[in-house]
Amino acid sequence: MAHEMMGGFFGHPPPPPATAAVGEEEDEVVEETEEGGHGGGVQGKLCARGHWRPAEDAKLKDLVAQYGPQNWNLIAEKLDGRSGKSCRLRWFNQLDPRINRRAFTEEEEERLMAAHRAYGNKWALIARLFPGRTDNAVKNHWHVLMARRHREQSGAFRRRKPSSSSASPAPAPAPPPPPQPVVALHHHHHRYSQQYSGYSGAAESDESASTCTTDLSLSSGSAAAAAAAAAAANIPCCFYQSTPRASSSSTAACRAPRVAAAADTVAFFPGAGYDFAAAPHAMAPAAASTFAPSARSAFSAPAGRGEPPGAVDQRGGAQATTDSHTIPFFDFLGVGAT
């Protein structure tokens, strides 16, 4: 009584689940139950899940031809280890003679792509649009089409990438800079000979005995022309204002900037507006004595190749011999005057 009251209070209990129709089975059936005998007893049957063997396929074809493609439980009784569902799927997907096994045409492929855009992955519904094609065949061929399209797109991208890079013009190289005139500064270090220094062994190691000259060379032709014109006019090519060497600190003049040396230098070159023909008449003896280099000058005119330092004075003529400006000699090393 109490049970009936509780049932009426909470409502009627849910109805028992309806029994499955004949010929339909669950997907994951491992043990299949069948009704047999007059007492309605239940008998269990173990089903195999392995691949279908050729002997099983041949026997299934014979049973379908004998019982028809609808009595799958009856057919499964004749196949040991196979269920009715397994026999049905094997028949409709692989063994049915109505299956179209030909390759998909271009028209069918276009219809398949359009149907997939419309219905998605509902392969059973799409297979109804292709008579003779199973849902598995339609699904597998759609994946084949997608893989083919992906390969074509990736291949076209790989072919287009090198062509686009090669089509771009390479940057033109920058033009070379215009040539600039080259001005070479030659630093010549001359040593006094024995007749000017008075000693031979110490002259080579004495740094103060060397003289520094800066030769501004524009071209070999202009230098040769200047030397020839100076020799014809009995005037040295370059005159240097002599500076008395009062102490050993005068060697710093060799290390001074070349600007200071150039300020004390008066140079004459051909073509600079100087009349070499009138030079001997125009120059006064005092000017000649002022600019004439002495034997102990801190700066000396560069001698020619293979000539002693006294060759410049010989070419200078009377200007070198009539040097009235006498420089006192200081014997710092104690070797004596010559």
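Even glycines carry a Cβ here, placed using N, Cα and C.
Here's what Swiss-Prot has on this protein:
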DNA_BIND  72-94  DNA-binding region
DNA_BIND  123-146  DNA-binding region
COMPBIAS  150-162  compositional bias 'Basic residues'
COMPBIAS  170-181  compositional bias 'Pro residues'
DOMAIN    44-95  domain 'HTH myb-type 1'
DOMAIN    96-150  domain 'HTH myb-type 2'
REGION    1-25  region 'Disordered'
REGION    150-184  region 'Disordered'
REGION    298-322  region 'Disordered'
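The predicted model assigns the domain 'HTH myb-type 1' (44-95) a mean pLDDT of 88. For the domain 'HTH myb-type 2' (96-150), the DSSP counts in helix, strand and coil order read 35 helix, 0 strand, 20 coil.
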